[in-house]
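**Q** Below are the features listed in Swiss-Prot for this protein:
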ACT_SITE  HIS266  active site
COMPBIAS  43-54  compositional bias 'Polar residues'
DISULFID  CYS245-CYS262  disulfide bond
DISULFID  CYS390-CYS396  disulfide bond
CARBOHYD  ASN46  N-linked glycosylation site
CARBOHYD  ASN127  N-linked glycosylation site
CARBOHYD  ASN197  N-linked glycosylation site
CARBOHYD  ASN251  N-linked glycosylation site
CARBOHYD  ASN263  N-linked glycosylation site
CARBOHYD  ASN290  N-linked glycosylation site
CARBOHYD  ASN295  N-linked glycosylation site
CARBOHYD  ASN327  N-linked glycosylation site
CARBOHYD  ASN352  N-linked glycosylation site
CARBOHYD  ASN362  N-linked glycosylation site
REPEAT    360-403  repeat 'PbH1 4'
Amino acid sequence: MKLTQATTLLLSLGLSLPVEGFSLSRTNAVGPKPPFRPLPASTPRNKTCQVQSNGDGTDDAPYILAALKQCNNGGKVVFAEDKEYTIGTALDMTFLKHVDLEILGKITFTPDTDYWQENSFKHTFQNATTFFNLGGTDVNVYGGGELNGNGQVWYDLYAEDALILRPILVGIIGLHGGTIGPLKLRYSPQWYQLVANSSDVLFDGIDISGYSSSENEAKNTDGWDTYRSSNIVIQNSVINNGDDCVSFKPNSTEILVQNLHCNGSHGISVGSLGQYQGEVDIVQNVLVYNISMYNASDMARIKVWPGISSAMSEDLQGGGGLGSVQNITYDKMYIENVDWAIEVTQCYGQKNQTLCNENPSNLTISDVYFNDLTGVTSGKNDPNVGTIICSSPDVCSGIHATNIDVKSPDGDSGFVCTNVDEEFLDVECASSS
C-alpha cells in the first residue's frame with residue numbers, strides 16, 4: 001500500500017525534467033491531472049553565462065547578479081556542478097525575463113542572523129521574509145542542485161526569541177510563467193518556499209529535507225505557501241519537514257497539487273485564513289490529488305480563524321477576517337501514523353469552543369470534497385480519526401466525505417462533527433462538541 005502512484009513516480013524524479021531547458025510546453029509536463037489553465041511555453045534560450053565563485057565562503061552575490069544581467073532576455077545562467085556558491089547579500093531578482101537558472105552545484109546562505117534580519121525582503125503577511133525575491137516572466141530554475149539555508153543557527157535563535165524574523169529559503173515573488181525544479185532544498189530557517197503575487201508556475205521534482213541537530217526543533221518549515229497567486233502546479237516531490245507540506249494562504253486560486261510524498265508534516269492545509277480584521281481572504285478551486293502522508297498531525301486540513309481575536313502562539317495571533325473557502329477537493333490520499341485524517345476547523349487559535357460558537361467565523365466554507373482516503377491514524381485522538389468543527393452552520397455548508405476507509409490502530413473510525421450537515425458525510429459522526 002505504501003507504494004502509491006506518487007511514490008512510484010518519485011523514484012524517477014531526476015528524469016522528470018530535461019536539464020537542457022524547457023523546449024516543450026509546461027502544460028505537457030503536468031500530470032496526471034491537468035492544470036486549471038494551460039501554462040505558457042518557454043521561448044528558446046540562445047546564450048550561456050557561467051557564474052563565478054570565490055570558493056572560500058565569501059559572498060558570491062555580485063557574480064550571480066552580473067551573470068543574470070548578462071544572460072537576461074534569452075539566456076541560461078549556469079551554477080557549475082563542481083563549485084559551491086555562497087550568498088551573503090539579499091538578492092532582488094524580480095527583473096528576470098526569458099532566462100533559465102541551471103543550478104548544478106550547491107548554494108549556501110550565510111549564517112549571519114543579524115544581517116538577514118535587517119536586510120532580508122519583508123512581506124506583509126505573517127511577518128514573512130525572504131533571502132531573495134525571484135520574479136519576472138518566463139523563468140526556469142532547475143538542474144538538481146542544492147539550496148541550503150543554514151537553518152540550525154535560526155532554529156536555536158528562535159528558541160530564545162520567538163519574535164525574530166527568520167528568512168524563507170526560496171521567494172518566488174511576482175513570477176508569471178515559470179518552472180521550478182528539479183532542486184534540493186535543505187535547512188530552511190522558516191518556510192521553504194513562498195509563492196506570492198505569481199501565476200502560471202510549475203513546481204516539479206522538489207526534494208525538501210532539513211531537521212534540527214539540537215534540542216531546538218525546526219519550526220514553521222512549510223514546504224510551500226501560496227499567497228495571492230493563481231494557476232500554480234506542485235507535483236512529483238518529496239517533503240520531509242516539520243509543518244505544513246503545502247499551505248494555501250489568502251487569495252490562492254486554481255491550485256493543483258499532485259503526486260507528493262509528505263513526511264513529518266502538518267498536512268496539506270487551506271489556511272490559516274481570516275487572521276486579519278478587515279482583510280478578505282479567498283481560497284477557491286483547489287485540487288489535491290494522489291498524496292501519501294506519513295508521521296504527520298494531519299492529512300487534509302482547513303483552518304479558519306473565528307470571529308473573535310485569538311492567539312495560536314506568541315508570534316501567531318488573529319481572528320475576525322472576512323472571505324471564503326470554496327470548491328476544494330482532496331482526492332486519492334493514503335495515510336500512515338497521522339493524528340487526523342481530516343481536520344476542518346473554524347475555531348483556529350481559539351480553544352474555548354463556547355466562545356467560538358458565540359463569535360462564529362466571518363469566513364465561509366462551502367463545496368469541499370474529501371474522496372478516497374485510506375490508511376491508519378496514529379491513534380492519538382482515539383476513538384476519532386477525523387474532526388469537522390464549524391463555528392456555525394450558517395457559515396459552513398456542502399462539506400462532503402466519500403469512500404473514507406481510515407481506522408485507528410485499535411480499529412476505531414469515529415469523527416467529531418460540530419455545526420455541519422451530516423447528510424453529505426459518509427463517515428461515522430460518533431461525537432459532537
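Here the Cβ of each residue, glycine as well, is placed from N, Cα and C on the backbone.
The shown structure was predicted, so the numbers you read here are calculated from the model rather than taken from an experiment.
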**Q** Whole-number answer please: how many Å between the C-alpha atoms of ASN251 (N-linked glycosylation site) and ASN197 (N-linked glycosylation site)?
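**A** ASN251 (N-linked glycosylation site) and ASN197 (N-linked glycosylation site) have their Cα atoms 9 Å apart.
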**Q** So how many other Cβ atoms are close to ASN263 (N-linked glycosylation site), meaning within 10 Å of its Cβ?
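**A** The answer is 19 other Cβ atoms.
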**Q** Of the residues in the repeat 'PbH1 4' (360-403), how many are helix, strand and coil by DSSP?
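**A** Taking the repeat 'PbH1 4' (360-403) as a whole: 3 helix, 30 strand, 11 coil.
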**Q** For ASN197 (N-linked glycosylation site), identify the closest of the recorded positions ASN127, CYS262, ASN290, ASN362, CYS396, judging by Cα separation.
**A** ASN127
**Q** Near ASN295 (N-linked glycosylation site), which of the recorded positions ASN46, ASN127, CYS262, ASN263, HIS266, ASN327 can be found within 10 Å, Cα to Cα?
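**A** Those close enough are CYS262, ASN263, HIS266.
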**Q** Given the glycosylation sites ASN197, ASN251, ASN290, ASN362, which one has the fewest other C-beta atoms within 10 angstroms of its C-beta?
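**A** Relative to the other glycosylation sites in ASN197, ASN251, ASN290, ASN362, ASN197 has the fewest Cβ atoms within 10 Å.
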**Q** Going by DSSP, how much of the compositional bias 'Polar residues' (43-54) is helix, how much is strand and how much is coil, in residues?
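**A** For the compositional bias 'Polar residues' (43-54), the helix, strand and coil counts are 0 helix, 4 strand, 8 coil.
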**Q** Going by DSSP, is ASN295 (N-linked glycosylation site) sitting in a helix, a strand, or coil?
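**A** DSSP call for ASN295 (N-linked glycosylation site): strand.
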